[in-house]
Amino acid sequence: MVLKVFFPSCCSSAESGILIGRWISEQNSAVILAVVHFPFIPVQVKHYLREVQQVTKVSVSVLGSWNNSKQEKEESLSEFLEDLGTIFSHEPWIQISKEGDSKFWNCSTLQKQSDNHREEEIILVYYDQRKVMLSHLHPTLDTADHRAEDASKLSAIFNTVADSKVLFMTDRYDDGPIKMTHWQSDGVEASIIVELMKQASVPACMLLTFLLSLVSGVCNSRVLKFWPLSFLWSKLSTCEQLGHRLQHLQVISSSKKAQNQTQLMRKANVFVSLLIDVALGILLMSWLYRKNQIGHLADTLIPVADHVAEELQDLLQWLMGAPAGLKMNRALDQVLGRFFLYHIHLWISYIHLMSPFIEMILWYVGLSACLGLTVALCILSDIIALLTFHIYCFYVYGARLYCLKIYGLSSLWRLFRGKKWNVLRQRVDSCSYDLDQLFIGTLLFTILLFLLPTTALYYLVFTLLRLLVVIVQGLIHLLVDLINSVPLYSIILRFCRSYRLAAGVKFRVLEQQDGKPLRLLMQINPLSYGNVVQTYRLPTYSCYPKDSWTSLCKKLFLGELIYPWKHKGEKQE
């Protein structure tokens with residue numbers, strides 16, 4: 001069986017001593033974690049390793065010896081290193097020594113029962129201990145069974161290094177009796193700013209948790225569950241976004257420690273997403289309140305609303321004539337046209353009545369940008385919905401009238417064929433009609449059929465206008481969902497420190513000679529950007545129905561209403 005020895009590249013310049021690590025018998029592998037320098041007392045080394053085992057739950061032991069002497073002949077040192085195998089009982093005893101002026105090392109094993117070197121094929125694998133320590137193995141989502149087994153073998157190597165964190169907390173400046181070389185032997189990596197932030201985060205999280213509990217109590221009160229507050233809460237996208245951000249704040253301020261790397265990455269992604277959202281909102285707010293931009297927007301809003309109303313009036317005047325040369329029903333055409341023109345007149349009066357207060361409303365709406373860019377975008381979507389409410393009313397009127405005629409024609413068509421719809425069994429059954437029923441049905445079918453083109457034209461025009469508004473709101477909510485769901489922290493981490501998101505490893509051959517161990521370099525293979533987004537994508541909500549194109553076309557043909565809002569309780573994970 002092939003013996004695999006994982007040796008940290010940071011120990012290549014360490015002084016001679018003994019190798020400390022973990023022996024994985026299932027894989028016939030040895031993971032070297034550190035090198036203990038001379039001089040040392042074996043009893044103290046054994047006591048120190050027992051303490052490390054109790055803390056880390058990793059079976060750390062002395063695996064062999066390390067000889068970094070540059071002289072080719074050091075018989076006394078070599079004999080002394082071999083004699084250490086009798087003190088530290090481990091089999092096989094691994095011996096790694098420098099090969100003269102070569103940049104590589106020789107690796108051999110010693111069978112202590114026969115005091116001879118075991119003739120066994122050895123693979124010496126060099127790895128970057130810092131990257132393996134800070135990385136976490138994240139297998140891709142489309143991993144097959146055999147690749148999952150390879151990932152489990154690699155995870156044993158990663159977990160061994162990661163669980164031995166206590167072993168790496170000592171450096172050469174410590175006054176302890178044992179001196180070691182590892183990736184932090186020159187100094188433990190730490191940041192004063194990070195430590196201060198950790199200390200300050202505890203009372204900040206407690207205060208934030210208390211405030212969020214009060215807000216959650218107000219939101220869950222019975223007052224908000226009564227109509228019309230419950231209706232507004234479920235229909236306004238601003239309320240949905242505030243509730244979504246409230247859940248994010250509860251995740252961040254939670255005092256419960258993350259159980260695994262996935263929960264930790266989710267907290268980090270939520271925090272970075274919230275931070276960038278608020279930063280973009282503050283930039284938007286600073287732009288709005290600079291050089292009286294809100295006043296310019298208020299002065300522009302009224303003329304734009306008047307221009308849209310005038311265009312709708314021209315469109316209705318065109319429909320009341322002979323649009324595109326079509327022969328319309330004159331009476332129905334005039335009734336529908338005047339009905340919609342009266343609604344436009346009411347809408348213009350409402351806009352001009354609200355014109356003195358629009359600048360003040362926009363001024364207070366601009367302050368909401370400090371809650372985040374997504375909140376400002378949701379408010380913009382709700383403002384568009386309110387400003388185009390007359391278009392929505394036109395669409396509802398046209399859709400209801402068109403739907404009534406379509407279902408009336410389908411019912412009367414079944415009457416001609418001697419059929420009827422069985423409501424109890426939800427199917428079409430045969431039925432016999434008398435002469436009066438057939439006569440009345442023929443008259444109603446003829447009337448509805450000749451009135452259908454006029455109704456269908458109005459329905460088509462207002463449906464296109466409604467779809468235009470829905471597309472604009474959809475683009476806004478697409479940007480909101482993008483900010484809410486994209487794992488920005490994971491993407492930044494993948495770009496700056498790709499080894500933190502390891503999908504696996506790749507091995508590069510350093511040297512391969514007959515009679516010598518095969519020397520490999522283990523390099524971390526990071527997750528692709530697509531897998532990063534797919535793995536750590538944050539849950540969000542969808543404000544639009546997830547219908548297929550076929551279902552959408554069927555609804556448009558039958559005149560069913562297309563609601564731009566999601567149903568209450570429906571979440572997109």
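Placed from the backbone N, Cα and C atoms, the Cβ positions cover glycine too.
Copied over from TrEMBL:
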TRANSMEM  200-219  transmembrane segment
TRANSMEM  270-289  transmembrane segment
TRANSMEM  335-354  transmembrane segment
TRANSMEM  361-388  transmembrane segment
TRANSMEM  394-416  transmembrane segment
TRANSMEM  437-461  transmembrane segment
TRANSMEM  467-492  transmembrane segment
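Contact check: the transmembrane segment (361-388) against the transmembrane segment (467-492) gives at least three Cβ pairs closer than 8 Å, residues 6 or more apart, which meets the contact criterion. Within its own chain, the transmembrane segment (394-416) is flanked in space by residues 339-340, 343, 428, 433, 437-438, 441-442, 444-445, 448-449, 451-452, 455-456, 458-459, 461-463, 465-466, 558-561, which lie at least six positions past its ends and keep a Cβ under 8 Å from the stretch. Tertiary proximity for the transmembrane segment (467-492) is limited to same-chain residues at least six positions away from its ends with a CB under 8 Å from its CB atoms, namely 237, 241, 244, 265, 268-269, 271-273, 276-277, 280, 373-374, 377-378, 380-381, 384-385, 388, 391-392, 501, 529, 532-533, 535-544, 562, 564.
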